[in-house]
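One structure is given here, and the rest of the page talks about it.
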C-alpha cells in the first residue's frame, strides 16, 4: 500500500521534514520522524530531508483484493430533475466519458434509476454516446434517498467492476458519491474541473481547485478501484448526440438498455412529505450573463447590475469576494469555487480576472469586459474590451435599452 517510509537508521531528528510539511503529516519525536494520519504523500518532507531518510511508497494491491486489470469501462451515474428528465450534467459527463473510454478501448455505461418508466430518458442517454444504460424502475427512487441509491450502485459496481465512476456534482450527487465510495472502500475526488487518463494504466488524473481555489491539485487513486470523481455542471460541453427532452433519439450500433433490479431488502429511510419550489439563481444554464466584481465599488451599485441583467434577460453572477462580503449569495458565484458557466454572451463589469474566475467562464462564447485597469487579465480573454468606469458604462447601457 501507499505510505511514507522513514529509515530509522538514517534519521537524525533534525526536524527539517516537520517544518517543510504544510499539513502536519510528519512529526519528530525522540529524534525520530513519524508520519501522521494527516500525511498526503506530497513529498515535501522527502525533498527537505538532508540525509535521504524519507521516501514515499506508492501502489500496492487494491484493498478489495482484486487485480486492477479486472476492472473495465467508464460509468456515468445519470441524474434526473424533479420532472423526471435527465439533467444536462449527465450528457456533459457522457461526452467526457467517451473521450476517456476511447483512450482505454472501453465502453461507456450509464446507470439510471427511475421511479417510473419516464419514456425516452434511457434512449436519450444512449443517443448522447453511452454504449449501455443499466436501468432500474422502482418506486423507491421517487424520493432522492442517497442511501437507497448508494446501496444499489455499490451492489452493481461490486458485480460488474467498473474502472471509473463519474457523478455530477449536484446537491444530490455530492451526497451520493461519498456514500458509494465508502461502501466500495475506494477514493473520491470532488468538484473536478478536468479529467485525463493514462491510456496504458487507466490511472485517472483528477484535477480540482485546492486551498480556496488558489492552487490546482491533480489527484490519483493508484491502488483502488473504481476510481470516482464528481464534476460540477457546466465544466464539460454537452455530448454532441444529446437530444432535447422531446427530441428524437437514434441510438447507434449495439447500444442497449439493460434492466437491473433494486434489491428488495433495500428500504428507504427518508419519507418525502412534499416538494416546495423556491427561487434560486440558475447562472449555470443562463444563455446571457452579467457578472460583477469588486470594481463596481459598493453594494448599492448592485442595483445597477441587477437592472441591466433584467433588461438583457440575463442571469446575474459575481466573483468570490462579493460573496465573501455578503453582497450576493453563493448561488451567484462564478469560477472554480462557484459555478462554471457557458453563456452565449457574458458581460463582465469590474472583474479583474483571477485565474480561478477565468477557468469558470472558459465556456462563454462571447465575453464583453469593462474594467478601469487596462492591465486586468479579463481584458485579454474578452472579445470586446472596454477600459473605463464599469458602473458608468452600465448606466449608459441601461438608458439606451430603456429608450427603445
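Every residue gets a Cβ built from N, Cα and C, even glycine.
Please treat TrEMBL annotations as automatic predictions, because they have not gone through curation.
Long-range Cβ contacts of the domain '4Fe-4S ferredoxin-type' (2-29) within its own chain (Cβ-Cβ under 8 Å, at least 6 residues beyond either end) map to 35-36, 38-42, 44-45, 47-60, 222-223. Look at TrEMBL and you will find 2-29 (among others) tagged as domain '4Fe-4S ferredoxin-type'.
Same-chain residues lying 6 or more positions outside the domain '4Fe-4S ferredoxin-type' (30-59) and placing a CB less than 8 Å from one of its CB atoms are 1-8, 10-14, 16-24, 222-223. Per TrEMBL, domain '4Fe-4S ferredoxin-type' is recorded for 30-59 (among others).
Reduced to three states, the DSSP call for residue 357 (FAD binding site) is helix. The number of other CB atoms found within 10 A of the CB of residue 357 (FAD binding site), across every protein chain shown, is 26. Annotated FAD binding site per TrEMBL: 294, 319-320, 333-337, 350-357, 371, in sequence order.
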Checklist entry - Taking the binding-site residues one at a time (351, 354), which has its Cβ surrounded by the most other Cβ atoms within 10 Å? => result 351
Checklist entry - Just counting, how many other CB atoms are there within 10 A of the CB of residue 336 (FAD binding site)? => result 26
Checklist entry - Does DSSP give residue 351 (FAD binding site) helix, strand or coil? => result coil
